[in-house]
């Protein structure tokens, strides 16, 4: 029996993704080695193309309305390992190698607050 995943190769076209009304798609950043979810950001067709072209993960900043090359100013670079598309083509999983903390608060992950027994609990502190 053949492996269907290896039988067909379709050229990736970012325009075939399902973008929201602002032309954006959510992108989940995940450490390729540990599988830890690091952050959620937004990408448009051009930021996806730039990411694939350069290997440096590039998002679209909704607040600044500009491209955001992760680590360009902080040095906390995200290097692309793999890009995956979900089944509905409306969300991306960006597998990457993270240098330093991913969160602007200095924490490894933006998901540093847990909810325990109805209360918020800080699960990690900023890295030095």
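Cβ atoms here come from the backbone N, Cα and C positions, even for glycine.
The following features are taken from Swiss-Prot:
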- 86, 88, 90: Mg(2+) binding site (BINDING)
- 87, 103, 110: Zn(2+) binding site (BINDING)
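Residue 110 (Zn(2+) binding site) is 21 Å away from residue 86 (Mg(2+) binding site) when you measure Cα to Cα.
It is 88, among the binding-site residues 86, 88, 90, whose Cβ has the fewest other Cβ atoms within 10 Å in the structure shown.
Remark: of the binding-site residues 87, 103, 110, the most isolated position is 87 (fewest other Cβ atoms within 10 Å of its Cβ).
Straight-line distance linking the Cα atoms of residue 88 (Mg(2+) binding site) and residue 110 (Zn(2+) binding site), rounded to a whole number, equals 25 Å. Of the chain residues outside the Mg(2+) site list 86, 88, 90, 18, 85, 87, 89, 91 have their Cβ within 8 Å of the site's Cβ mean position. Residue 103 (Zn(2+) binding site) sits 23 Å from residue 90 (Mg(2+) binding site), taking the C-alpha atoms as the reference points.
Rounded to a whole value, the Cα-Cα separation of residue 90 (Mg(2+) binding site) and residue 110 (Zn(2+) binding site) is 21 Å.
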